[in-house]
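Participant: Input: one structure, supplied below.
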Amino acid sequence: MPRTDNDSWDLATSVGATATMVAAARAIATNADNPLIADRFAEPLVRAVGVDFFTRWVTGDLVVADVDDTESGWQLAQMPDAMAVRARFFDAFFQDATRAGVRQAVILASGLDARAYRLDWPAGMTVFEIDQPEVIAFKTTTLAGLGAVPRADLRTVAVDLRQDWPKALTEAGFDAGRPTAWIAEGLFGYLPPEAQDRLLDNITALSATGSRLACEAIPNRPQQDAEKARELMRKATARWREHGFELEFGDLGYEGDRADVELYLQNLGWQSVGTQMSQLLADNGAAPIPHNNDSVTMADTIYYSSVLTA
């Protein structure tokens with residue numbers, strides 16, 4: 001079902017289900033023979049959500065070779081390594097920020113992110129998680145049931161990012177006078193282009209000099225390439241739906257030309273370094289994801305680490 005301005009979701013539907021899919025990929029990566037990450041909360045969270053397709057994927061009952069369309073450029077088989085190196089990128093970002101003295105972090109659209117529970121945070125660290133109320137409530141309750149305890153001062157902020165989240169964040173104790181480490185992981189594609197700009201504007205307005213931001217973006221492509229990408233994605237998910245997958249990824253994102261993230265941030269006073277997914281995979285010894293001259297694939301995603309210097 002296409003997105004609407006005021007749509008909402010839980011972790012089994014719409015945009016929320018993509019967070020569960022990513023957590024499933026992290027769970028598989030964690031259980032690999034030579035794991036690139038260790039996210040012990042990923043599998044129990046996926047099981048608790050209860051989407052059969054993702055549960056079978058995590059347990060190995062889903063045979064990926066039977067599900068994937070190898071010509072589409074979007075394959076389940078690629079996701080565990082891709083999401084593992086993505087997680088490592090954002091983990092390292094937080095570790096670098098805390099080593100630099102940052103003691104305040106904000107995880108935007110936190111989904112099933114368990115970093116507040118699994119990373120080694122320094123004393124005095126405050127972590128804010130922002131997401132839809134149903135998502136926040138489910139994860140908090142489930143992790144408490146598992147006996148998990150946050151390793152930092154965790155403040156959950158149950159608000160839609162399309163609402164006045166800066167106000168809600170401030171009311172939760174956020175201090176705009178202190179440097180902050182922000183992450184927007186797997187978020188921009190689910191925002192309209194103008195909302196992406198507004199989010200970056202709001203982050204900047206709330207950030208003291210020395211704040212840091214990590215995010216990801218898919219490069220703009222000509223309209224015909226975007227249409228080709230949607231066609232290939234629908235081809236991939238059509239195969240998945242034969243095995244119980246119920247999402248149509250092509251309906252979850254927003255179309256339209258987006259600002260170049262690095263240039264947009266530069267104009268706001270941020271200095272950025274971008275690393276392509278293909279490079280992250282190579283740096284971590286993971287199998288490459290082929291580029292597709294006719295379309296965008298996961299290999300084209302760029303991961304930015306930025307510092308506010310103005």
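Heads up, the Cβ atoms here are built off N, Cα and C, so glycines get one too.
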Participant: Taking Swiss-Prot at its word that Asp160, Leu161 bind S-adenosyl-L-methionine, choose the one of Asp131, Asp175, Asp197 listed for that site.
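Facilitator: Answer per Swiss-Prot: Asp131.
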Participant: Tally every other Cβ atom lying within 10 Å of the Cβ atom of Leu161 (S-adenosyl-L-methionine binding site).
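Facilitator: Around the Cβ of Leu161 (S-adenosyl-L-methionine binding site), 18 other Cβ atoms lie within 10 Å.
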Participant: Could you tell me the maximum Cα-Cα distance in Å between the residues recorded as binding S-adenosyl-L-methionine, namely Asp131, Asp160, Leu161, rounded to a whole number?
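Facilitator: Farthest Cα pair among residues binding S-adenosyl-L-methionine: 7 Å.
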Participant: With a radius of 8 angstroms around the mean position of the C-beta atoms of Asp131, Asp160, Leu161, what other residues of the same chain does the S-adenosyl-L-methionine site pick up?
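Facilitator: Output for this site, in sequence order: Leu108, Ala109, Ile130, Gln132, Val159, Arg162, Gln163, Trp165.
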Participant: Hey, does DSSP put Asp131 (S-adenosyl-L-methionine binding site) in a helix, a strand, or just coil?
Facilitator: strand
Participant: Do you know which of the binding-site residues Asp131, Asp160 has the most other C-beta atoms within 10 angstroms of its C-beta?
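Facilitator: Selected residue: Asp131.
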